[in-house]
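Visitor: Pasting in a structure now, in structure tokens, and then I'll have a few things to ask.
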Amino acid sequence: MIVAVDYGAGNLANVLKAFRYLDEEVSASSSPTTIRQADGIILPGVGAFGSAMDELKKRRLNQVLYEEAKAGKPLLGICLGMQLLFDESDEFGVHEGLHLIPGRVEAFPKDIDLLVPQMGWNQNVVNNEQSIFADVLDGSYTYFVHSYYAKCDQQYVVSYTNYGVKVPSCVEFKNVYGMQFHPEKSGEKGLEMLERFIERVDE
Amino acid sequence: MLAKRIIPCLDVDHGKVKKGINFKNLVDVGSPVEIAAEYELQGADELVFLDITATLDQRKTMAETVEEVSKQVFMPLTVGGGIKSEEAMHELLQSGADKISLNSAAINDPELITDGAERFGSQCIVCAIDVKKDVGTGRYQVYSKGGTENTGLDAIKWAKKAVELGAGELLVTSMDCDGTKQGFDIDLYQQIGEAVHVPIIASGGAGKKEDFLDVFQKTPVTGALAASLFHFGELKIEELKKYLEENGVNVRR
């Protein structure tokens, strides 16, 4: 079973609906035991990095997520949930992340004339052809809502999207995956990507 | 680069999709879930659900409809109409809405925009503005209560204020153009686009694909909304997007 981490940071409902639409058994939980028993973990998230980490720590889930991921369990972070996978973020002061993918999270550069947040459909360019998501991402548009973006070594970048700067839109390090966009809001392509994650969990 | 968005609007009354001509003479065109699913297939980028009679009748909005649609349709959903409190916003967001559109209630109580933005984030709060040009002065004025009441507010000033208060997006409807199919009010969107730095959705007047090209080429709007044009199949979204792409507009295909 897949468990979506329920830690009071953002709306889980639509992520759950997408998995249920795909006939996948999924539940939302904040229980360390349930999360440890899951076959795969989804880390959603909307809001600010620091407060999301605080909510995880309050429930001691940062440790659970770290250990489960290091033990090889498939983990997918979505939107802010992807950003939390990195070492740290600049959002409202420097905050430490989960250290599951090397890299940091920064604001869009101020010297580029951009609407922030990036909100809308943007196109993905594949960087890692080997990824389980590569062929679905290739050239496809997905739905983004974010004000900060990840900076990491390109070996972790599955795909980029261009928003004044090259924004890693999908990242991957072993069994840890992250999507800056909302697959649950990205139509058929988004559902296909969730399907790929389900297949990965079922392996 | 972000794609320009094509947004069908579903005017909902008692759980049914309707479209009024200049907000009157409603014609039933069917079930929200079915229509939403059809639009997803056609390539719509977002959907807006407006409970058009809610403000007038003081009725609650349509959490159940949103819940049903969001179980089957996976794209951004904006819900508006009769939303007057943070609690109502919360209920709709929990039901599956991604954004909340505030109109009359924000005019009566502008702090509602700030309260919503602070609690749910600016990206969740859309300020819908119904605009009519004053024939005498040529100024754009804001109407409320489903377009029935002239508030006396200047549309450009109100747009700026709404953004200052925390609105992350504006949905601006030209009442003069709505239902006429004579094209969008280009001048209106140029003026609002110069005044604010948030995404703007143009609404009212779309009659053919050239109208969309016009509004995307001449104004900074990032989305264009239409209802009857799409509902009655007069223009297929797929065909519209193909046309826009051929003419250099970045769209999701």
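Yeah, the Cβs are placed from backbone N, Cα and C, and that goes for glycine too.
As listed in TrEMBL for this protein:
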| type | residues | note |
| --- | --- | --- |
| DOMAIN | A:4-198 | domain 'Glutamine amidotransferase' |
| ACT_SITE | A:CYS79 | active site, nucleophile |
| ACT_SITE | A:HIS182 | active site |
| ACT_SITE | A:GLU184 | active site |
Visitor: Mean pLDDT for the domain 'Glutamine amidotransferase' (A:4-198), as a whole number?
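Guide: Value for the domain 'Glutamine amidotransferase' (A:4-198), mean pLDDT as a whole number: 95.
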Visitor: So, in DSSP terms, is the residue listed as 'active site, nucleophile' helix, strand, or coil?
Guide: coil
Visitor: Quick one: Cα separation, A:GLU184 (active site) versus A:CYS79 (active site, nucleophile), in Å?
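Guide: The separation of the Cα atoms works out to 11 Å.
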Visitor: Going by DSSP, is A:HIS182 (active site) sitting in a helix, a strand, or coil?
Guide: coil
Visitor: Least buried of the active-site residues A:HIS182, A:GLU184, going by other Cβ atoms within 10 Å?
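Guide: Ranked by other Cβ atoms within 10 Å, the active-site residues A:HIS182, A:GLU184 bottom out at A:HIS182.
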Visitor: Between A:CYS79 (active site, nucleophile) and A:HIS182 (active site), how far is it from one CA atom to the other, in Å?
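Guide: So the alpha carbons of A:CYS79 (active site, nucleophile) and A:HIS182 (active site) sit roughly 6 Å from each other.
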Visitor: Tell me, how many other CB atoms lie within 10 A of the CB of the residue listed as 'active site, nucleophile', whichever protein chain they belong to?
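Guide: Taking all protein chains shown, the residue listed as 'active site, nucleophile' has 26 Cβ neighbours within 10 Å.
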